[in-house]
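Enquirer: Provided herewith is a single structure, encoded as structure tokens, for subsequent inquiry.
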């Protein structure tokens with residue numbers, strides 16, 4: 001199976017599907033259609049009925065081969081790649097039998113070094129796909145697409161493997177937070193699903209952050225600095241004051257595990273107007289609400305010193321901790337846990353310090369945990385995929401549909 005995985009991942013990663021947060025269309029970029037149309041064709045060649053809508057959501061079905069009713073399971077992956085780094089002219093490189101030493105990426109000065117990326121030490125002996133140092137790889141999430149496609153191929157080649165109805169979904173714009181926005185849960189018609197969008201071997205994730213964005217707008221009064229006393233209000237300094245009143249220890253670079261944070265993503269302005277953009281994250285719903293409350297309290301504290309209330313705050317929720325919807329349905333986690341145990345894969349159920357499409361889909365009526373893909377260092381030139389771990393991910397997909405047929 002390794003050769004098929006390499007071939008398919010190479011073909012998919014060389015198609016530029018970078019999404020664009022500034023776009024207002026869905027998909028956000030026309031080039032995502034290139035991979036969507038290819039996948040539609042390949043699924044049809046496998047004999048699967050497909051449904052590609054005007055928003056770039058590609059669904060397909062592998063029909064049940066058993067006579068009893070069992071839950072319909074879905075497998076999801078996203079076609080877009082991150083806008084954080086160059087995604088054009090991707091030239092995948094193959095490292096056979098990785099020796100654990102630093103590896104120079106193409107003709108660049110970039111080096112994939114285990115001292116910097118210690119998770120590479122667990123991949124000694126693996127076949128790796130890496131970049132040439134000039135682009136990201138796009139294994140996030142094309143590795144997930146590959147794993148789903150190869151699992152479907154295997155199931156069709158082995159009809160003796162019993163399974164219920166399987167739904168497949170390939171979606172746009174996950175990297176810019178819009179993946180589920182036009183996802184039709186009723187049309188997808190699955191009882192539950194799994195995103196193949198994790199990273200390291202053994203990840204089984206069903207807890208995510210609660211997430212919100214806060215935009216703080218500070219309005220100043222700009223007068224000539226030579227006559228500014230008691231007249232000027234510097235919006236930049238208001239923004240600095242606002243940020244200084246947030247806990248200095250509760251930022252991404254000083255937190256881990258279940259610890260939440262405030263993250264100042266952007267700060268720009270002039271004396272007359274300054275804007276701060278934060279993301280707010282916490283696994284605990286009560287703490288999440290308290291974080292949002294703290295933002296409003298800081299606004300009020302600053303505004304109390306002015307007559308015209310110069311600081312405005314706009315807070316919008318982005319997604320919530322999917323554990324709230326998944327934990328009441330323990331079988332959705334028990335199924336992959338049994339499969340992991342059967343395959344001798346140690347399950348890592350640490351919470352996601354982020355979100356997936358499943359974070360939103362779970363609150364839309366489709367409970368959706370996340371499973372490893374075998375890739376790492378997403379969104380940049382040091383991205384890699386372990387073909388060996390990808391093969392295990394394919395086995396997990398096959399094991400899940402077998403388990404559902406046997407135990408439900």
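Cβ coordinates come from backbone N, Cα and C, glycine included.
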Enquirer: Of the candidates 175, 350, 402, 406, which one does Swiss-Prot list alongside 140, 379 as binding Zn(2+) 2?
Expert: 175
Enquirer: Given the ranges 1-28, 29-56, which one is assigned the annotation region 'Disordered' in Swiss-Prot?
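Expert: Among 1-28, 29-56, the range Swiss-Prot annotates as region 'Disordered' is 1-28.
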Enquirer: Looking at the Zn(2+) 1 binding annotation from Swiss-Prot, with 78, 140 already listed, which candidate in 191, 197, 243 is the matching residue?
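Expert: It is 197, as the record lists it for that site.
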Enquirer: Going by DSSP, how much of the compositional bias 'Polar residues' (11-28) is helix, how much is strand and how much is coil, in residues?
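Expert: Grouping H, G, I as helix and E, B as strand yields 3 helix, 1 strand, 14 coil.
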Enquirer: Going along the chain, which residues six or more apart from residue 175 (Zn(2+) 2 binding site) have their CB under 8 A from its CB?
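Expert: Same-chain residues close to residue 175 (Zn(2+) 2 binding site) (Cβ under 8 Å, separated by 6 or more) are 19, 78, 80, 81, 82, 83, 140, 379.
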Enquirer: Determine which residues of this chain, when 140, 175, 379 are set aside, have a Cβ within 8 Å of the centroid of the Zn(2+) 2 site's Cβ atoms, and list them as they appear in the sequence.
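Expert: Neighbours found: 81, 82, 84, 136, 141, 378.
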Enquirer: For residue 78 (Zn(2+) 1 binding site), name the DSSP secondary structure in the helix/strand/coil scheme.
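Expert: Where residue 78 (Zn(2+) 1 binding site) sits, the three-state DSSP reduction gives strand.
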Enquirer: Could you give the Cα-Cα distance between residue 197 (Zn(2+) 1 binding site) and residue 174 (active site, proton acceptor), in whole Å?
Expert: 10
